[in-house]
Amino acid sequence: MNKFLGYLIVLALALAAPLVIYPVFLMKLLCFALFASAFNLILGYGGLLSFGHAAFFGGAAYISGHALKVWGLPTELGILVGALSAGVLGLAIGTLAIRRQGIYFAMITLAMAQMAYFVFISSPFTGGENGLQGVPRGTALGLIDLTNDRAMYYFVLAICLAGFLLIARAVHSPFGQVLSAIRDNEDRARSLGYDIERYKLLAFVLSATLAGLAGATKTVVFQLASLTDAHWHMSGEVVLMTLLGGLGTIAGPAVGAGIIVTLQNYLASGPLAAWVPVVLGVIFVTCVLSFRRGVVGELREFLRRSF
Amino acid sequence: MLTDLLGFPPQVLFGQLLLGLINGAFYAVLSLGLAVIFGLLNIVNFAHGALYMLGAFATLGLTQYLGIGYWGALIFAPLIVGAIGVGLERVLLRRLSGIDHLYGLLLTFGLALVIEGTFVKLFGASGIPYPTPEALQGGVNLGFMFLPFYRGWVVVASLAVCVATWYLFERTKIGAYLRAGTENPRLLQAFGVNVPLLTTLAYGYGVALAAFAGVLAAPITQVNPLMGSNLIIVVFAVVVIGGMGSIMGAVVTGLSMGIIEGLTKVFWPEASSTVIFVVMAIVLVLRPAGLFGKPA
């Protein structure tokens, strides 16, 4: 019951937020929260460190941008096309990467994402260094004009909530339980008769698709898809958001994304603008050395011990 | 009479082959360092590219501030960066022993961000040229191609370092300890060998190898804060292809990937930046454990 009340409060806050806070910033926050939550599905629950999720985020950004701008698809369909293409890319990269474990998995995903990055640089449709600019926001369901930031915010909120619900559902389903079992002890899960490769691949594809959903939505918000979205720095950032918020917790990645996006926004306008990568690196090192459970994980541990 | 080979003038073909061989030499030295570090620390050193860059900057700094030229830097830069590596291992990496290997990758990724970010802030993202040492300026015309002395030297020096590393690991007592530490560190410790010290030395040595490559690269690529950041990803792909099991495996894979990349530049330039990743994908399909890896 308490939990339900908590969700209700968060929802009410999310609905009221654009009255107080700049909606574009909130939309950015939501997109990255969804991106990090999708990533958490594979790292937190599957135990697989993907260092290539920027390929899905950035790839979907480009494809939905192209679908909206050049093909003139309706906004919802354009976002869907982006997310699904990220899923297909996830299937291709995932099939290769799950052939190796642990550290090699990370290196393979990183290398494949770098390859995708080079393809994006040299493909004419992405606009190279300039990116894909002037993507139209269009209308929601053919009715609501999305050029209005408030309207756009509620549209993005609906998409991201759907994404979060899907992730929460997946984690608490039998599928999610098996996935955690594989993370904790691969050999035991295998001996129980689970086809662990299929579980890992399904989780990877789901994670890639939702990361793509976040990237595609971000493109509509900013009307721009650029190389930054697909660069390996982006893959690193999403790892950091998830780690900082708390691996394998439902709320952690969103909290982590909130902290990092707010920090970046805050630093970008100050004298420390050029030091952003260094600040992120220091947070990374601190997290790994002394804060491995993340904000939400540490909080949960604290509550568990005190009550 | 050497005229056009496969429709390409031999100058172009052999020129790219030489460039490929040089890149391959860098891949070999860098992946060798990664393998040494992975063997004892079970960490994939994401900061390897940043430390390679530090090697090049150390060369620049030694020349500008201390008047130590290229040849001195070839010795001192790896020592300085190796000492930095020893410090990093003692202060930071050591604290990760016994937990999931992925945290080592994440920690070194954070270190790479810090090191590269700092240098970009201090020196800007554009390159600083470093002169070719006087003794190696110019080149020789081999008939089918022009060989700049410095480029030849890079290949020879890299191979010499690889052979020396092989000798150190396979033919000396400390090498035997290092190999034993890779196999079973606890048993080795039980025999009275100081394994933590060995681990620190292994990290220092791997890092010094990266810095050595950085010194060699300085006159070729210019000294740039981001010179190692994309390179390290290619080296990761090389490591996946070859596996981190053997020294010779790392060297052979590194060199051959460089050559394949060079040849691709001749025949299909657009694909040259992705060819190594494609090879990696093919190897993963055909031989998931890597060319020189042992199947799990």
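Every residue, even glycine, has its Cβ placed from backbone N, Cα and C.
Summarising the annotation, TrEMBL assigns transmembrane segment to B:12-38 (among others).
What TrEMBL lists as transmembrane segment is B:50-68 (among others).
Summarising the annotation, TrEMBL assigns transmembrane segment to B:74-93 (among others). Same-chain residues lying 6 or more positions outside the transmembrane segment (B:74-93) and placing a CB less than 8 Å from one of its CB atoms are 41, 43, 47, 51, 54-56, 58-59, 62, 68, 104, 107-108, 111, 157, 199-201, 203-212, 214-216.
Using a Cβ-Cβ cut-off under 8 Å and counting only residues 6 or more beyond its ends in the same chain, the transmembrane segment (B:105-130) has close neighbours at 43-51, 53-54, 56-57, 59-60, 63, 88, 92-93, 96, 218-219, 221-229, 232. According to TrEMBL, the feature transmembrane segment maps to B:105-130 (among others).
Look at TrEMBL and you will find B:150-169 (among others) tagged as transmembrane segment.
Long-range neighbours of the transmembrane segment (B:190-220) within the same chain, counting only residues 6 or more positions beyond its ends whose Cβ lies under 8 Å from a Cβ of the stretch, are 22, 25-26, 29-30, 32-34, 36-37, 39-41, 45, 48-49, 51-60, 70, 73-74, 77-86, 88-90, 93-94, 130-133, 150-151, 154, 157-158, 161, 165, 177-178, 180-181, 227-228. Annotation source TrEMBL lists transmembrane segment at B:190-220 (among others).
Feature annotation from TrEMBL assigns transmembrane segment to B:232-255 (among others).
The transmembrane segment annotation in TrEMBL covers B:267-286 (among others).
With a cut-off of 8 Å between Cβ atoms, the residues of this chain six or more beyond the transmembrane segment (B:232-255) that come close are 21, 24-32, 34-35, 38-39, 44, 46, 48-50, 52, 112, 159, 162, 165-166, 169-170, 276-277, 279-280, 283-284, 289-294. Among residues of the same chain six or more beyond the transmembrane segment (B:150-169), those with a C-beta under 8 A of the stretch's C-beta atoms are 18-19, 21-22, 25-26, 28-29, 32, 36, 74, 132-133, 136-137, 139, 175, 178-179, 209, 212-213, 216, 219-220, 247-248, 251.
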